[in-house]
Amino acid sequence: IAKEVAKLLEMKAQLGADEGKHKFVLKTPKGTRDFGPKEMAIRERAFKAIISCFKRHGAEVIDTPVFELKETLTGKYGEDSKLIYDLQDQGGELLSLRYDLTVPFARYLAMNKITNIKRYHIAKVYRRDNPAMTRGRYREFYQCDFDIAGQFDPMIPDAECLKIVHEILSDLQLGDFVIKVNDRRILDGMFAVCGVPDSKFRTICSSVDKLDKVPWEEVRSEMVAEKGLSPEAADLIGEYVQLHGGLDLIERLLQDPKLSQNKVAKEGLGDMKLLFEYLTLFGITGKISFDLSLARGLDYYTGVIFEAVLLQQENEHVEEPLSVGSVAGGGRYDGLVGMFDPKGRKVPCVGVSIGIERIFSILEQRLEASEEKIRTTETQVLVASAQKKLLEERLKLISELWDAGIKAEMLYKKNPKLLNQLQYCEDTGIPLVAIVGEQELKDGVVKLRIVATREEVNVPRESLVEEIRIRTSQC
């Protein structure tokens, strides 16, 4: 044994000698990406629009840990649970990376005994999914969530969530979109009257959820061949899930001989009618479609569910606009907080999640196509010198500007050429140059140059901050 151990140690020593030459594979893990300054500038622009909308609607902001106890996440996501990232046992706790921001929010409410809050939360979530990077599908990505928790009169908070989606998608100018709406109770009632056994509701629901990606024939064969549903029940479901419309369809289904006999479906249809009345008052029904094929696979939804889809008109001859994919989704989940509460106290909740990654990939593609130059800094002024030996003066001036809250830069050279300093402004989009020279120092002024027009004005040193503020507010 000693001989073999000595041999292995010798081999290890030899391998160790090669360690310095080891070539690293320089790549990000599968389903993740880096974001350079240009991409981050685009992302920040989108985040700003979304956050200002959430704040406009009176939301507070919270944050939760990036990992939760594994048991917190288990059993909340239906068939998607297999996509949860589990972490190795660390210090006696079994942990998982968060899959979304909704379950941590429910845990937070139950833990802190909160029964009433309107909050937003923007953070990264993790899914062990098969990534499709070009379509904005990642394993690590941001979610932007807005939720209203509390006992309120029916459909008022739900209508506000839909209004928020409408505002954000209109503001970001992503193109034409439609917000599909349905209700879990209508789906459950529909399954019941079509002859789906109770035990199969959730699994059939996740099949229906695929209808936006695959044709009805494929969904039908999955229900029958894989999930053991009778062909008759599948055909009856097919008659319903291909319907979509507005108030007229709701009225029609309220008269439907089968659905109207189902208590749960009738309740859902009554609320859907109320929702459409509120959405009419908000003036947004033109972009809303009541769609019976919308299922949303997550287990925790209990009432209204919705999904916003971008539409792409290929050409004038196409009757139906093509769907580019979901960019927002959400719904009502009245039972989730109760799952965490020791006494099972329920806190009704409704919320929406903005699919920010898909939005980013659309904005990035659009900016690439337009070749618009994106500024990656917010610098308002470059402090420059006209002659040599003025580094001290530049440092004094830039310090004054920073202390006054002005975004300022300078080149890190003792004696930079004026031309190089001006070129730097052209390259980075800095709108103003504050030039100090010997003459200016004698006169107690600073020469302010407007980069775009090349116009120059002498500004008294004490008025410089105010002048920069005035000129950059016009940019």
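Indices start at 1 and increase along the chain as displayed.
Every residue gets a Cβ built from N, Cα and C, even glycine.
For THR102 (L-histidine binding site), the same-chain residues lying six or more positions away in sequence with a CB closer than 8 A to its CB are ASP145, ASP147, TYR300, TYR333, LEU336, GLY351, SER353. Among the features that TrEMBL reports, L-histidine binding site is placed at ASP100, LEU101, THR102, ARG127, GLN143, ASP147, ARG296, TYR300, TYR301.
Look at TrEMBL and you will find 7-363 tagged as domain 'Aminoacyl-transfer RNA synthetases class-II family profile'.
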Exercise for the section: Note the mean pLDDT of the domain 'Aminoacyl-transfer RNA synthetases class-II family profile' (7-363), expressed as a whole number. Expected result: 87
Completion exercise
Same chain, |i - j| six or more, Cβ under 8 Å of GLN143 (L-histidine binding site); the result in sequence order is ASP100, LEU101, HIS121, ILE122, ALA123, LYS124, VAL125, SER353, ILE354, GLY355, ILE356
